[in-house]
Amino acid sequence: MNYKTLADACQNLEETSSYLEKNKIIAKLLQETPGERLEMVVTLLLGRVFPAYVSQETGIGLQQLKKAVGQSTGYSKNKIEDLMEQLGDLGKVAEKLTKEKKQMTLADKTLKAKKVFQNLRKLPKITGEGSVDRKIKKISELLTAATPKEAKFIVRTVLGDLRIGVSEGRLRDAIAEAFDLSSEKVEHAYMLTTDYGKVAKAIAEKGEEGLKELDLTVGHPVNPMLAQRLETIDEILKRMNGRAAFEIKIDGIRIQPHKRENDIYLFTRRMEDYTHMFPDLEKSVRNSIKPRKAIVDGELVAINKETGKPMPFQEVLRRRRKYNIENLAEEIPVEIHLFDVLLSGNKTMIKEPYMERRKELEEIIKLGDRIKIVESKILEKTSEIQNFKSEAVHKGHEGLLAKNLKAAYRAGRREFSWLKLKAEVETLDLAVIGAFAGRGDRAGTYGSYLLAARDSETETLKTVTRVGSGFTDEELEHLTEKFGKLRVEEKPSNLDSEIEPDYWFKPQEVFEINYEEIQKSPNETHTSGYGLRFPRFVKIREDLDISSVDTVEDVAKLFEEQEKHQTSDN
Ligand code: AMP
């Protein structure tokens, strides 16, 4: 196939802005391209020489490319710089100068598309002394053999921007049009392979059957399955037919480890290859995955050595980029918490239901310091789910994910078979004004506390909730000791409460409280007029005094926002 065919199509694409017209141009090109050349053509149309997920740097920037244009056309650096000023695009500069030169030289040699593709693919492999010059020579060789139009598109390909408006979405539609299939089917195949080149080739060779045969390949990232969000546990249970697997939602970055013998790849949610960012994980991943080859799915998380809680991930990435990775690996250890398996040995797992995949995952993973499996509990009771969620939040995680026990792994889809439990609402800071004696396991401690908000008009405290969950055993003990010293015999005079706790405290300490929702006129009579559903202790605010406690008006405002949010979501 001559590169001219591709360059002509690119030119036509550059000249039209009509979506339909562009589709037609691409579809025609794809139909006319022999099957074995489709991967190449699709990759080049996207302005690339490797699929997006392959991290290969050509090592050639604008300055080096200017030199290549200079070498192939014989014009000076100054002339090229001047034209750059005028035209703003080195592609156009190359086109213009090639045209001027060509008027003086004899016949063109026909440039093959494969030659362009191969030469450009070699660039990352040219290393060592004098490599930049050798790379420039490789490009100028192509430019010398190119027509003006071809030169323009070669230069733009090296720059990674063809300026012809061909995105992945457009390619999907054009492939569908060229081979008379639905865009959904084409897209689904893409979700598995992340490579429209492969998809186009499979269809061209075997039609729709070819798509069915497309399989997961180690080293090719799969578009990760995503989660929908629902507001309440009840809604989640309803969607899941009363029962689901609940997993802790770990707060890190999505990571998809691949293994083939000794080769390890780590892909992100956007299917970038992050293997080089985490060399400290390669060995652990290799040793932990038992089969010879596999693709698993999980969350990469950095743990603060002192608190044992997850660290903000952006910070970890920033520091990894900036400092020596080796040292940082010691200082900020990272772990992978796995929650799914897509390929295990020769078994493709994505069509299997959650339960089967989970079983397989547990079988094929050898747990280690760096590689864990996310805890999963099959639950059906609201209270149990709420407790699990509190536990997760308390450990510093974001909440829970509910997973449909029967659902397959739907690559790239955000559907209702994975559900996020609503992100935490804004917390409230409330005054601790009393406590109830603990029973059972909690005997001898204060088992729950009575909390109040400030009424700024009357300068009184009005009750909002009692809270008995979210505490660790150590916290309960510590708080019992602390509040023992604040006990008063009578209800404090600035307190308005209809509830009579076992003990009254001098209003002095503040708790930060999490909850699922604010209720107006709750069953339990609170003098603020509001109550909290599923309140949970977050922490004692040592830094706040009673004057900073949230007001009843604050609670009312949050309630209003919540209502607005719920109606707009419905
Ligand atoms: P979100 O990014 O808010 O849409 O939530 C979905 C993300 O949560 C996934 O893409 C993962 O990165 C992350 N996540 C954390 N823990 C889990 C888990 N147990 N199962 C699935 N996804 C998880």
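Cβ from N, Cα, C; glycine included.
According to TrEMBL, the protein has these features:
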ACT_SITE  Lys249  active site, N6-AMP-lysine intermediate
BINDING   Glu247, Arg254, Arg269, Glu299, Phe339, Arg414, Lys420  ATP binding site
DOMAIN    327-455  domain 'ATP-dependent DNA ligase family profile'
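Recorded features from TrEMBL, shown on the structure.
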residue	record	Cβ neighbours (10 Å)
Glu247	ATP binding site	22
Lys249	active site, N6-AMP-lysine intermediate	21
Arg254	ATP binding site	16
Arg269	ATP binding site	14
Glu299	ATP binding site	23
Phe339	ATP binding site	25
Arg414	ATP binding site	12
Lys420	ATP binding site	17
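Look at Arg269 (ATP binding site): DSSP puts it in coil. In the vicinity of ligand 1, defined as a Cβ distance under 6 Å, the following of the binding-site residues Glu247, Glu299, Arg414 are placed: Glu247, Glu299. Cα of Phe339 (ATP binding site) to Cα of the residue listed as 'active site, N6-AMP-lysine intermediate': a distance of 10 Å.
Distance noted between the C-alpha atoms of the residue listed as 'active site, N6-AMP-lysine intermediate' and Glu299 (ATP binding site) is 9 Å. Applying DSSP to the domain 'ATP-dependent DNA ligase family profile' (327-455) sorts its residues as follows: 32 helix, 54 strand, 43 coil. Binding residues for ATP (Glu247, Arg254, Arg269, Glu299, Phe339, Arg414, Lys420) extend across at most 19 Å, taking the greatest CA-CA distance. In three-state terms derived from DSSP, Lys249 (active site, N6-AMP-lysine intermediate) belongs to an extended strand segment.
Look at Glu299 (ATP binding site): DSSP puts it in a strand.
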